[in-house]
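Student: Annotation source TrEMBL lists transmembrane segment at 23-42, 63-87, 99-121, 133-154, 160-182, 315-335, 355-374, 386-403, 409-430, 450-469, 475-498.
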Amino acid sequence: MVVFRLITFVLNAFILRFLSKEIVGVVNVRLTLLYSTTLFLAREAFRRACLSGSTQRDWSQTLNLLWLTAPLGVFWSLFLGWVWLQLLEVPDPNVAPHYAAGVVLFGLSAVVELLGEPLWFLAQAHMFVKLKVIAESLSVILKSVLTVFLVLWLPHWGLYIFSLAQLFYTTVLVLCYVIYFTKLLGSPESTKLQTLPVSRITDLLPNITRNGAFINWKEAKLTWSFFKQSFLKQILTEGERYVMTFLNVLNFGDQGVYDIVNNLGSLVARLIFQPIEESFYVFFAKVLEREKDATLQKQEDVAVAAAVLESLLKLALLSGLTITVFGFAYSQLALDIYGGAMLSSGSGPVLLRSYCLYVLLLAINGVTECFTFAAMSKEEVDRYNFVMLALSSSFLVLSYLLTRWCGSVGFILANCFNMGIRITQSLCFIHRYYRRSPHRPLAGLRLSPVLLGAFALSGGVTAVSEVFLCCERGWPARLAHIALGAFCLGATLGTAFLTETKLVHFLRTQLGVPRRIEKTT
């Protein structure tokens with residue numbers, strides 16, 4: 001999986017050097033939003049309703065219900081396609097040619113993907129995880145390869161390139177599922193076949209069940225309930241893209257640069273902080289008891305949880321500060337290496353520097369919320385979710401106002417504000433939780449003055465280095481800038497090693513705790 005991601009990352013970086021930022025904005029924001037919105041409206045509620053049902057069900061009725069996603073996809077793709085073509089701003093044909101064809105093909109690709117929905121559900125319901133990983137990874141890589149080929153050999157095709165690549169991606173994805181289940185159902189000796197509710201590939205097609213009912217109306221009503229619940233969530237999840245698309249706060253070029261920087265910045269959160277958050281949520285959930293105050297639980301468990309939380313907060317703070325301090329001086333160089341002048345000039349470096357600050361808040365929030373959600377009672381979680389809903393709604397308004405004031409950086413500032421409020425909520429809960437105990441895990445957010453001085457000195461040195469050595473003075477100057485940054489990073493980490501002995505001990509001995517707990521359960 002890591003190899004697939006690395007290959008895709010390299011191919012995307014290569015593609016960017018042959019594109020304008022306006023093309024990137026139209027594809028990554030406008031057309032991708034059409035695709036994701038169509039899929040969400042047509043299938044999300046069906047997935048949640050069918051996956052939450054009992055295994056003791058009439059599978060024919062469930063599969064029939066899932067087949068309804070295809071005609072729904074046709075409806076939504078036609079309706080949203082009309083909106084995208086008639087109500088929204090149309091890009092300049094000289095900058096992004098063949099926009100209308102792009103809308104049609106992205107909508108068609110969503111419909112093609114919906115044709116594989118019954119197969120996807122069957123794979124999910126029976127835990128065919130490897131199939132999903134291989135199918136999605138293979139589809140993404142082949143899509144990137146096709147895009148590279150078309151960009152190099154047929155650059156005048158414009159949006160045709162990315163539209164055909166998207167259609168190719170969904171076709172390969174569906175074919176992976178079709179080929180897998182065709183082979184599986186055609187092998188009577190397969191052990192997996194015994195657990196499946198179908199014996200032939202044709203059993204997956206729509207059909208009338210024995211009792212004459214085409215669908216299970218209980219599941220259908222549940223689907224409608226999930227649709228109403230998740231509609232607002234979709235708006236909030238894709239909030240930035242909806243604001244950019246419908247309110248015209250940024251031009252297509254700025255949209256493209258923001259989307260690339262946002263994806264680059266979120267890599268750290270997805271690859272480093274998210275696995276830590278997920279692992280230690282399990283740890284805290286097993287060690288602590290919900291509905292109980294810290295003084296009413298086993299004090300040994302409470303002490304262990306406090307020590308681990310303190311060290312995790314320290315680790316998150318150090319990691320986030322390192323990214324923020326060094327990211328400030330190396331954002332322009334990183335963008336230049338990744339995407340060339342398109343990213344390293346203009347608003348790109350400012351965006352990535354701002355995102356480095358956001359990564360610091362993401363790191364701290366991930367740790368505080370993984371403890372908070374593990375220790376909260378059900379009522380507290382419900383109240384917290386309501387607050388998060390209100391915050392997410394205010395984020396849309398704030399992002400609109402800030403982007404009007406300071407451009408695309410406004411989206412990141414709005415995210416920082418939102419994340420700051422969430423961190424404050426979690427810190428207040430942690431403080432209350434340990435108020436009557438002798439443990440003070442929030443001490444993990446305090447660093448030694450010597451280490452803070454090392455960060456400040458490194459930030460100052462690398463900032464001066466960027467002015468004199470980067471990024472238009474050739475590769476010898478760039479390498480000198482990188483070498484100086486590596487030296488400062490080593491000195492800072494060495495200072496952390498000498499001053500934060502408690503964290504060093506934790507890293508050496510305690511990171512195995514979640515794994516040991518999983519093995520014993």
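Cβ coordinates come from backbone N, Cα and C, glycine included.
Because TrEMBL annotations are produced automatically, they should be read as predictions rather than curated entries.
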Student: With contact taken as 3 or more Cβ pairs under 8 angstroms (pairs 6 or more apart in sequence), are the transmembrane segment (99-121) and the transmembrane segment (409-430) in contact?
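Tutor: As far as Cβ distances go (cut-off 8 Å, pairs 6 or more apart), the transmembrane segment (99-121) and the transmembrane segment (409-430) do not touch.
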Student: Taking a Cβ cut-off under 8 Å, which residues six or more beyond the ends of the transmembrane segment (409-430) line up next to it in the same chain?
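Tutor: The answer is 240, 243, 249, 258, 262, 309, 347, 350-351, 354-355, 357-358, 361-362, 364-365, 368-369, 371-372, 375-376, 380, 384, 387-388, 391-392, 394-395, 398-399, 401-403, 441-442.
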Student: Are there residues at least 6 beyond the ends of the transmembrane segment (133-154) whose Cβ is under 8 Å from a Cβ of it, and what are they?
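Tutor: Apart from its flanks, the transmembrane segment (133-154) reaches 1, 4, 7-8, 11-12, 14-15, 18-19, 160-162, 164-166, 168-170, 172-173, 176-177, 180.
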Student: Does the transmembrane segment (23-42) come near the transmembrane segment (386-403), with 3+ Cβ pairs under 8 Å (pairs 6 or more apart)?
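Tutor: No, the stretches stay apart by this measure.
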Student: Taking a Cβ cut-off under 8 Å, which residues six or more beyond the ends of the transmembrane segment (475-498) line up next to it in the same chain?
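Tutor: Cβ under 8 Å, 6 or more out: 318, 322, 325-326, 329-330, 333, 450-451, 454-455, 457-458, 461-462, 465-466, 468-469, 504.
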